[in-house]
Amino acid sequence: MKSEKYIVEFLMFAVYLVFGASWSTTGAVGAQIMQDYGIGVADSAMMTNAILWAKILGALGIAVVTYKLGIKKSYLLALLLVGTAVFVPFTDNFYTLVLIRFLNGLGGAMCLVSMVPVVAHYFDAKTGAKLNSINGIPNVIGSAIVLMFAAPLIEFAGGWKTLLASYGWITLAFAVAWIVFFKDFKQEKGQEPTPEEKRAEIKTVVKSRVVWSMIIQYVGGLLMLLVPFTYLPTYYAEYANLPADSIAYLAPSINQIGIVVGAALSIWLKGKGVQYQKLFAVTSVIMAVTTYMMFFGSNEYIIVAGAFGAGMMLSSWFSFIFSLPRELLKNPSTNTIMFAMSTFWLASYILATVNTQIVGYLVDMTGSFVSAFYYVLVILVVCPILAQMMFPKSKAEKPLVASEAV
């Protein structure tokens, strides 16, 4: 049916919105987790990083799993993994909780990597670029909702564990909808790639300048995205000398709102034909400045303005960076895009996990967030410079050995 692609798009958006809310809840209740389990900042971050490590594994295996099972079954498996959050209220052991969050992250990775190739299959390039930007914000919207309404949500649910479980139940409901509405991609007769073609395709994608320049460009922005809701609530509550009623406490939420606004800006800039390298260069400079404002602003208004600006600059990339495999790789199939995005998210989340853990260790070692925040700023400055040197000069790379359809 013609409406199938829109239902599928809605489900992917809604699933990742709920996942984003679930993920950010661990940051919003970080102080409570530390108190309940008697752990430090780095250990508290372990639960969030469990999702990141799971995303590494999920990104590594999603292309193969999808090809073997088909997108319908692999995405259903992803939803079931995210749904294991329903068991959170039944665990009293911190490491069991980390294991459940790991499974949640594994499912989240499979959902995330599937977005761009599914959009590329169903929609034309112009519509796909818009949806790539829109699909970059559902987790951010979920995070913003939690950061703004964490206390009433936890009170309504009867505790943070019950709240995490509720996200699992909602995801399982989406799994039922997925079974009903999604129809697997059909392989065209005679178009199934041979094992040799698949290996050549994967090898070419892994060596692609397009993919690696995307990774290097995104790593600083991804770290900026993770730090506010992972560390800022703890920073403002326990380390910063801010009055209890300061609007600076809204900075993590304002950062997420900036990301939502920036996604709309990204669609507009893409429609204006802005060249992607120029966009990345200008917005990266602005992001570094506004992130500094968010971390070290002399008053609460500078802090929230910086938070908004940093978020908006990050999401201004979405229509551009997530469309690069389709635009710069020569005649990419859905398989090609799946392999490209799998490689992109695998490397991005390896680097993000290492970086966020370093931030946590710097805080624990120094007893301050200053050195940790300067570390983030260095990444934000250096990585875009390296990416500019790596982006391909030509419009498209050489043709990939690939199938024409999934």
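Cβ coordinates come from backbone N, Cα and C, glycine included.
Any TrEMBL annotation is an automated prediction that lacks curation.
Annotated in TrEMBL:
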type: TRANSMEM; residues: 7-30; note: transmembrane segment
type: DOMAIN; residues: 8-395; note: domain 'Major facilitator superfamily (MFS) profile'
type: TRANSMEM; residues: 50-67; note: transmembrane segment
type: TRANSMEM; residues: 74-90; note: transmembrane segment
type: TRANSMEM; residues: 102-123; note: transmembrane segment
type: TRANSMEM; residues: 135-154; note: transmembrane segment
type: TRANSMEM; residues: 166-185; note: transmembrane segment
type: TRANSMEM; residues: 206-227; note: transmembrane segment
type: TRANSMEM; residues: 247-269; note: transmembrane segment
type: TRANSMEM; residues: 276-295; note: transmembrane segment
type: TRANSMEM; residues: 301-324; note: transmembrane segment
type: TRANSMEM; residues: 336-352; note: transmembrane segment
type: TRANSMEM; residues: 372-391; note: transmembrane segment
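Within the same chain, residues 209-210, 212-214, 216-217, 219-221, 223-224, 227, 231, 276-277, 280-281, 284, 287-288, 291-292, 295-296, 355, 358-360, 362-363, 366 sit at least 6 positions outside the transmembrane segment (372-391) and bring their C-beta atoms closer than 8 Å to a C-beta of that stretch. Listed by sequence, the residues of this chain that lie at least six past the ends of the transmembrane segment (276-295) yet keep a Cβ under 8 A from its Cβ atoms are 217, 220-221, 224, 228, 251, 255, 269, 302-303, 305-310, 313-314, 316-317, 320-321, 324, 369, 373, 376-377, 380-381, 384, 387-388, 391. Ranked by Cβ pairs under 8 Å to the transmembrane segment (247-269), the stretches 74-90, 102-123, 206-227, 301-324, 336-352 are led by 301-324. Below 8 A, the CB atoms of the transmembrane segment (135-154) and the transmembrane segment (336-352) form no more than two pairs separated by six or more positions in the chain, fewer than 3 in all.
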